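Student: I have a structure I would like to understand better, so I am pasting it below and will then ask my questions one at a time.
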Amino acid sequence: MNSYPPELLAQLAPVMFVAGLDPAVSVPPTSPVSPSPMSKPQDAFQVLAVRLREALLAQRKVAIWQPEKNKSFQVILVDKDVKFPPRKLVPPDDPQYSTAHSPLSPLTPPSPLHPDGLIAPIWIRKHTTLVPSVFVLFLRIFEYPSNVSKPPLDIDTDREREREAEERKRDLELAAEVAQRKKITNERGIKLTVVLMASRRMLDDPSLDSRLTFIRRQSGLDSRAALFVLSPVSPSELNEFVRSLQQALYEPALEYYTAHSKRVRRKRNRHSQSVSTYPTQATGGLNIARPLRSEGWTVRYEYKMACFAEFRGEDEVALKHYQDAYEMLMIMFGSTAILPPRTKRWAEAKVLADCINIKIIKLYLYNNEHALALSHHNAHIRVFGDFSRGWGIGEETFEFWSWVARQHRVLAELLEQGTQSTLVLPIHKPVNTSTNLTASQQTIRSTAGVEFDAVRSLGINPSHALQHPGFYYYVAARCTEMRRERFLAIAEAELSQKPIALSPGYTNEKKVEHLAIINELYTKAYELFKKHSPASAQGQGRLTLWIAYRIAQTYYEANKFDMAVRFFERIAKNYRREKWNAMLRPLLSTWYACAQQLGDVELSIRLLVEMLGHDVVDSEDPSSLEEDLLAVLKSTVPSSPDQTLVVDLAEAQPIFDSDVIFWSHEVKVDEEAPFQFTLSAPSNTILSSIPFSRITFNFSGGVPPIAVDHEPSDMGGEVKVVRLGHISSSGSTQPTVKANLRWQPGTTTVFSGTLSSSEPSELKIKTVVLTIEENGWKIDVPIELHGKRSSANRIAKWLSSVNPLHFIPVYQENYHSTLVKHREHYLKMAFHHLAPAYLDEDYPICIELTNTDTRDLDVIINVLLQPTEIDEAVNWIVVDEERSSSLIKGIHVGVLAPGVSVTKTLHLFSTGAAGDRMVDISVQTRTVSRKLEGIQEEDNGKNDEQQHHAHDMMEHLKMFTIPTVEPIQVTHDVSYRRSLKSWSGPADLQTFEESFWDDRKGGEALINVLMSCVGPWSLNIESVEFERADNVHATVIDSSTNVNEGGVLEFPAEYLAGDEFSTSCRVSLALDDEQDVSQNPIEGPGRYAVIWRRVLQNGELGPKTVSRFPLPSLRPPTDELMALLDVPPKATLHVPISLTLTVRNCHPTRSANLTLHLEPDSMDSFIVSGLRNGRMPVLLPGSEESMVWRMIPIECGYVKIPRIKVIDRRKAIPVSQSSGEPGAAAEASTGDLVKVVDVRRDRRYATSARSDSESAGAEEMEGYGTILVLP
């Protein structure tokens, strides 16, 4: 922006003059001053003045980019007696004052704009530096010195009168000074504000208000924001005062510039109504300055109103006036009669148009209207480009490109300043196509605007998108290059004395350092492109590297070859890595030219060798690179003849098309692996004269390298074969092979051979190095093993025949190498076991290993028992007294000679639940040399480990599944019966003893156990024992396993599949009062231990096994109120028997009110003596009551016993209360029927097994049994 006047570009803001803050001038002492012990403190008002100057000057700085809309001023410090420039040339008392004009008006002859000038920068300078909108005057109010020695209550009347007189005198002088300044500011409509500086003591003086009122009235100050009082305060309070002062004076400043705008608008309106009477015809053909036309006056007025609107901070109004002024300027430029080209006024108008364009763009950017700002910038260049062609300074002139470069640079500088402040550049990242199209298709039918947005989101014109400032710096640099080209063309024509018309600016153009400007612009563009590149981008962007390349080109053209080389080195690394070969080729050419100028021979050779890998340009000779390389080698000698120059082309474009193919993907140890390495020369670059003296192949896997030396011979056809022979890792040196190492364009050389290794490894070609030797130079050029000069995918081909020529396509993957593996170890594995396995048994598995190889094998077995998903399953394995639930590792079997077998037994133990068990067997074998067998026996573990790793190893894997079943299946039948023991009374003390066994509620459990042999193998059961495990709620009474009937032993005995045997036991149960057995059952008080052996196929017995079967959980049913009927099962005719009925109340809290009824219809077979109908005593909770009847049977056979009804009348309602009959008997009352249970058939099941209704029905039916009466 330095090309334009800064006044025309700066952001305009209200101007404030501040006077009275001049720094104190120190007067040197006339006589020497004796040093005082303490320095005199600085005056507080001097400090206040210095701080005020700093605070006011820090409010706003003059800048081009200032979008902030705060109420701040551009502060200028002036003297108290500063004078304003005259408004007109004549004084106000002159009679011609009303018709006179401003000194800067085109109508004033001494004006620099006379007679047809538009706007001069001095007009802006006048309103920004010479004439303010407000004037702030700082003055010190007089303060009478106080008498410190006098008491404050002692009033001196004479002294008070003297003080008042002195204050009035000084106030009159102060008011006169303010009135004089007020008169001057009133003439220009400038607001005057006075700030009186006083001490804090003065602020507390009661007379201060009256003095301030007197000063205001005497000086004629306004009543609003015209007089302030300030005392020395802290910096923070001072900044607040400055801020409040500006806010108070901002409105008067706006009124000042509004008045100017109204005055200019009136002039514009009067001028637009008048008709121009300038004699254009008479002066048109003469070189006489003509007065300013009406279009020019319009430009002046519009520009002035835009400036005053900008002073007021009204950006939209300013933008409108700037646009009107710009449009009128375009009309003036369109007519050469109004603005003749290449005149002074034409140049001034052109500068003014450029500055107005910058103002318009800036105001657009303030409002974030990026597209409009860029559109106006492009339109400005386009319109003036059309004008320039008519003026004779079109695209073929350096003036045009100089102007275009200046426009782009100004825009870049404006954007750079904006981005450093508040400007946010738009992001032109494309939206997600799929989601955007889906959203737009849903709403495209509703509005047309959405359709436009959807189409617009698919793409954008880069010329219509505002970019970051680096882009416009780059465009400016390109335009400057065009400017330099046009200038050099004119300079060359001048030197060759060709007839050419030189422009007026040619002489000044010679002084311009074009390359310095270009380099500056490119450098700024490079830095900004790096700054604005996305953070996620890998490395530098393409355009950033291109700009760096242009910087290097500029250094090269400026003969700064060392700087150019530095840039070329950094750029070439990226171009090589990312394969930008089309851009790398011209870079290498320029780099080579720099190396030639610097005299760097080695760099020249490196670049020439690298350029051999690139295709020649159409204008170049195919042999030019070859000739240049040979010329450098023959004309120079190396600085160190003993050292080899290595030209590494790791990331560069390869010289040859190359490929490596191994025919076999893998081979065995000492087996030959055939391979081919192909080198194909380019068809459009000549390499036939390059002195390749040797090609060296370096292999992996300990294979020694092999070299092929050059030997001249017939070139042969397009494809020639070089036989390398067999190369083994055991060989120390390889014979040198000789072949012709010259390549004609498009020819191919195939190097074929075989490789072998005595150890497992990966065989591949590590490097291939071509050596160039000439005139003492020895240059090694590593060749890329899989190099391709073009981006097209080529199928690998194996040369199978030369005559006729035939290639076999290779489609396999990883054909660039081959794997060398050990020969397979031949080991036969066999597993012997009798499936299925039984639970709890020791299940042997015989592992038989046989060495069927021709080598001795050292065998190690690893056994893994896979975890099972079966619940409650616990498994483990045992080998050689080593036990594990998962893995037994390192079972050393020993060294097996060929044909030798060995057997290892694996014991599997499975418990818990039946199901499949999976076992993984890993057999690791390694070859053992017979010479080392004796050494291995004596070596320690370290040497053994070394020998283990020195030989080849192989792993044999086998997984097998072992089905496991139950040998004996157990089923339980559990029934419950009530206890027949008499209950203890509630007050019986023994119930409170700890050893007391209370089975009243629990009763007894009868457990019948049925054991079935369900496995396929026979079992020899040696014994069945019951193992007691009594607990607090259950204890075993007896078990059938403890009974030996007749002294005959049931076990041992052999049981076949399907055989069964049973046993039983009785368990006494004791329940707590609130125990819920349905939720928390009683644990079984013991288990059956069955000792058995498997009967093998040969009749022998297997190892002893113990299977334990626990008793089931017990859930005895509970009662609340019950009646037990005890009657003998048989009787004799006419012999009395007893019938006992015991009623028990098991409820923990409720009593029972019972009645008995012996039904007469059921007593036909007996003569009964006892209670027929009656009431039983009240049963308390936990008590029982018994009733006994004597009966004589009078019939033989099975006779039904009399029916007895027991009724609980606790909830019964008497009939007399329900029906109202007073004579109703008490026995007719109703109640709940109590179950009567025959103790002979008392049998119940768990509450979860049968429903309550089934249990009740069974017990009620059992309560009316029969008696066998014998004669």
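Going from the start of the chain as shown, residues are counted 1 onward.
Glycine is no exception: its Cβ is also placed from the backbone N, Cα and C atoms.
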Student: Could you check which of 155-182, 267-294 is flagged in TrEMBL as coiled coil?
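Tutor: Checking TrEMBL against the ranges 155-182, 267-294, the coiled coil one is 155-182.
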Student: With the ranges 22-43, 88-109, 726-747, 924-945 to choose from, which does TrEMBL describe as region 'Disordered'?
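Tutor: In TrEMBL, residues 88-109 carry the label region 'Disordered'.
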Student: The region 'Disordered' (88-109): which same-chain residues, six or more beyond its ends, come within Cβ distance under 8 Å?
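Tutor: The answer is 115-117, 120, 122-123, 126, 187, 291-292, 296, 300.
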Student: State the residues, same chain only, that lie 6 or more residues beyond the ends of the coiled coil (155-182) and have a CB under 8 A from a CB inside it; answer 'none' if no residue qualifies.
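Tutor: Residues 80, 135, 137, 139, 141-142, 144, 147, 192, 194, 207, 211, 214-215, 218-221.
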Student: Residue counts in helix (H, G, I), strand (E, B) and coil for the region 'Disordered' (88-109), per DSSP?
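Tutor: Going by DSSP assignments, the region 'Disordered' (88-109) contains 3 helix, 0 strand, 19 coil.
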